[in-house]
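A short worksheet on the structure shown next.
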């Protein structure tokens with residue numbers, strides 16, 4: 001609560017700073033106009049520094065985002081501020097510390113907490129100083145004599161002032177002459193009539209809240225000067241211009257060169273005597289044009305600065321199709337047409353999903369976070385930049401990047417244009433040379449419903465060009481997939497012995513068809529896949545690995561009919577130095593790179609094999625999982641970072657993840673009961689997250705204080721498979 005309030009005040013202070021600078025500029029332009037107009041402008045600053053919300057208008061003149069610091073910034077993996085000024089955003093955001101994986105507290109959380117403590121201490125110091133100043137002043141006024149009504153005379157005073165709120169009193173030096181007393185008394189009564197004494201108190205308390213902002217201090221003193229000068233002008237208008245010299249003499253006689261009540265908000269005196277005298281002597285009755293210009297300027301600037309910029313059409317919570325391909329890199333121009341391009345779904349919480357034309361389900365790509373780029377940096381993503389892309393980039397207002405968390409350096413940018421239209425750029429973020437391959441113009445095809453949702457979307461396995469077995473109870477597969485599974489098991493069983501159960505998992509990378517070799521079939525099909533074979537033993541009611549292999553394979557089948565496949569060749573890569581070259585020679589060029597990357601599939605494959613083995617042996621893994629979590633949490637006892645416990649027990653944590661859906665079911669049952677806010681909750685959340693990511697899920701870039709908080713944020717769709 002304390003930190004949230006501090007961030008809200010920071011946002012108001014940043015917005016208020018922009019308004020202060022605009023008021024100072026307008027104040028200079030209005031220097032020949034009556035000071036009442038300059039004084040009125042400070043009310044806009046006061047509004048911005050006090051009120052955390054405002055109305056929206058297309059006529060807003062506010063140059064910055066009214067909420068530049070997102071309220072969840074302390075949980076972001078890549079903290080970003082969003083002032084709306086790209087240069088400022090880039091410099092400040094780059095200096096913010098990123099989140100620490102598995103840490104119980106992020107560095108930025110510590111910064112904000114310490115900053116909030118310092119902020120509260122500063123407020124307390126100013127308020128205490130004000131109280132002591134007020135008590136000291138009251139001590140000086142104990143001998144003041146009542147003159148009449150609310151007027152008091154005091155021998156120890158050198159300058160007049162107003163003190164109090166509901167029943168304000170005017171304190172005057174006893175040494176004032178009759179004429180001086182008339183002028184000064186009228187001045188102080190004007191203050192009271194305009195409620196300046198209340199405004200001054202409110203301004204002081206706002207200063208206490210924003211004490212860390214030097215522009216607020218400047219605004220406090222400048223608004224005080226404008227208050228006094230506008231009050232002087234009101235007196236001159238009432239008494240006539242012939243009293244200007246006598247009135248100025250009165251001000252000069254009361255000048256002390258030092259503030260009497262500078263830190264006391266319940267009493268405020270006069271200041272800047274020289275400036276006030278010059279203003280009085282130079283004051284002339286303004287002409288109609290000056291008054292009209294000043295009034296319009298104050299009204300336009302005031303309304304423009306009080307209003308927040310009108311939000312464009314909300315591009316979230318909607319499904320989009322590609323209605324125009326604005327740019328394709330020359331070497332990829334054949335890849336997509338508007339009919340074959342994917343659909344995209346942006347959820348109300350800024351998560352991006354994609355669905356290929358051939359798919360039935362949406363695939364979660366990742367959370368969107370603001371990603372400021374200068375116009376030149378945007379242009380530099382295209383080689384070459386065509387006219388359509390150039391024209392559309394010039395209309396871009398805000399850019400978001402998808403947090404994909406992949407190893408392929410994929411770059412996906414969602415660009416919101418000033419007219420509310422949405423662009424999507426897809427490319428690769430090669431170090432030092434990021435490039436966009438396609439720029440799509442998106443058209444909204446599904447509007448959000450009353451709850452702000454664009455349809456039920458759940459994360460799906462990213463199946464590349466094939467299928468991954470990832471269920472403990474295998475789903476009914478098509479005949480070719482069954483043939484591949486059987487071939488992997490049969491081929492490897494002859495090489496590994498001693499296990500009680502053998503399991504396999506594979507991902508099909510591509511298939512090729514050909515003519516029949518024997519003449520008896522209807523053709524051939526070659527399946528290029530990444531295959532894992534594992535053998536397990538069952539001892540003492542537990543489960544253990546006894547052997548296995550993980551490698552790319554090429555299986556050629558004779559297709560005897562649409563449901564019958566006979567294995568003709570089981571190809572495996574050469575050992576040693578010939579491993580990579582043999583794969584490149586055997587596999588189609590477009591998938592050879594993926595076939596060399598065994599790490600991309602290993603975790604999902606191992607989990608699938610473990611789940612098969614557990615189901616076959618009817619292993620009660622509940623106790624095993626509880627024991628693994630207990631072991632991981634046992635040491636190092638002196639550490640507070642959950643990541644340190646995981647690093648100290650890599651084998652136990654790996655096994656916990658390999659139990660896959662069984663670990664999810666066990667942990668989710670505990671999370672559903674609630675209360676998992678300690679170290680065990682962190683360990684369970686980390687394991688569940690790794691398991692689900694291996695199964696194809698993606699998550700936002702926020703970190704959570706407890707494992708229970710993480711579960712509560714994803715439980716609506718996180719159902720164990």
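Backbone N, Cα and C atoms are what each Cβ position is placed from, and that goes for glycine too.
For the domain 'Peptidase M56' (8-280), the mean pLDDT of the prediction comes to 80. Annotation source TrEMBL lists domain 'Peptidase M56' at 8-280.
As annotated by TrEMBL, region 'Disordered' applies to 450-480.
Summarising the annotation, TrEMBL assigns transmembrane segment to 6-29 (among others).
The feature transmembrane segment is assigned by TrEMBL to 36-55 (among others). Taking Cβ pairs closer than 8 Å, the transmembrane segment (36-55) reaches residues 8, 11-13, 15-16, 19-20, 23, 26-27, 30, 66, 199, 202-203, 206, 209-210, 216, 219, 222-223, 226-227, 229-230, 233-234, 294-295, 297-298, 301-302, 305-308 in its own chain, all 6 or more past its ends.
Annotated transmembrane segment per TrEMBL: 110-132 (among others), in sequence order.
Sequence annotations record features per position, and here TrEMBL assigns transmembrane segment to 201-220 (among others).
Sequence annotations record features per position, and here TrEMBL assigns transmembrane segment to 288-307 (among others). Counting same-chain residues at least six beyond the ends of the transmembrane segment (288-307), those with a Cβ under 8 angstroms from any Cβ of the stretch are 19, 22-23, 26, 29-30, 32-34, 37, 40-41, 43-44, 47-48, 54-57, 59-62.
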